[in-house]
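In Swiss-Prot this protein carries:
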type	residues	note
ACT_SITE	Glu162	active site
BINDING	His161, His165, His171	Zn(2+) binding site
DISULFID	Cys137-Cys228	disulfide bond
DOMAIN	4-232	domain 'Peptidase M12B'
CARBOHYD	Asn232	N-linked glycosylation site
Amino acid sequence: DDCIVVEYYIVTDSRFTQRFDSDQAVTDYVTVMFTGVQNLIETLNLDIKVRLLGVTPYHKESEPSFIDDSLLPGHETYVDARKIVRNMKFYFCNHNTGLAKSADIIILLITRKMGVLDPGDTDISEIAGASSISSVCQRCNNVGACVDNSDHNERADTVAHESVHLLGSPHDGEGPNGLGLPNSPGAANCPDSDGYIMGTRNEQNGKKFSECTKQCVKYLLSLPRASCVYENCSK
């Protein structure tokens, strides 16, 4: 019998790493965070397990240039959400070895703010995460970035949120357009105001996923392109 196991490789930018006394402390923190991610993913009721393959904390001297290359010009306290995903794809496509090669999803944790600045706009739209939609298992595309600038594990919800984008779900209230999955049910029938993780996250529903999200993830997992998350249960 097959089990669904989504395997993650986590990298942390040097500013994130600096918050900790050692690389082991970074790994310990992320390990606890992933207990939270597992608890949230379980609300999909799809028997999905998350597995942390490993953590690489970048330091100033070892940090790949794609992070600094992704800052918003003129607003260097912000990472450009679109650019960081694009640059991550390029970097890990060219460094597709070790844990990066083994992982179903690669996530970068950063402490800088992340935002989107559209042409002609002066106000930055601040966001907590960005990822490549429906791209689990797709080498060179299976990436996301999440902001974690607190000492608490509340960012498990951001990692879970971006994971579910990578697993084929839009935000609640959005149709399937843009998912790259022609027959996906989308999530237009679940208003974002219901307050689930892919919506406005209210007190009542903010720690679980909507039925629409569940159906979207279930659909992607039924396709051959998601085969990397299936493994023999005895492993």
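Cβ atoms are placed via backbone N, Cα and C, with glycine included.
By the criterion of other Cβ atoms within 10 Å of the residue's own Cβ, the least surrounded of the binding-site residues His161, His165, His171 is His171. In this structure, the CA atom of His171 (Zn(2+) binding site) is 10 Å away from the CA atom of the residue listed as 'active site'. Residues Gly129, Ser131, Glu162, Val164, Ser169, Pro170, Ile197, Met198 surround the recorded Zn(2+) site, their Cβ atoms falling within 8 Å of the Cβ centroid of His161, His165, His171, which are themselves excluded. Listed disulfide-bonded residues: Cys137, Cys228; maximum Cβ neighbour count within 10 Å falls on Cys137.
In the three-state DSSP scheme, His171 (Zn(2+) binding site) is classed as coil. In the three-state DSSP reading, Cys137 (disulfide bond) counts as coil. Within 10 Å of the Cβ of Glu162 (active site) there are 23 other Cβ atoms, across all protein chains.
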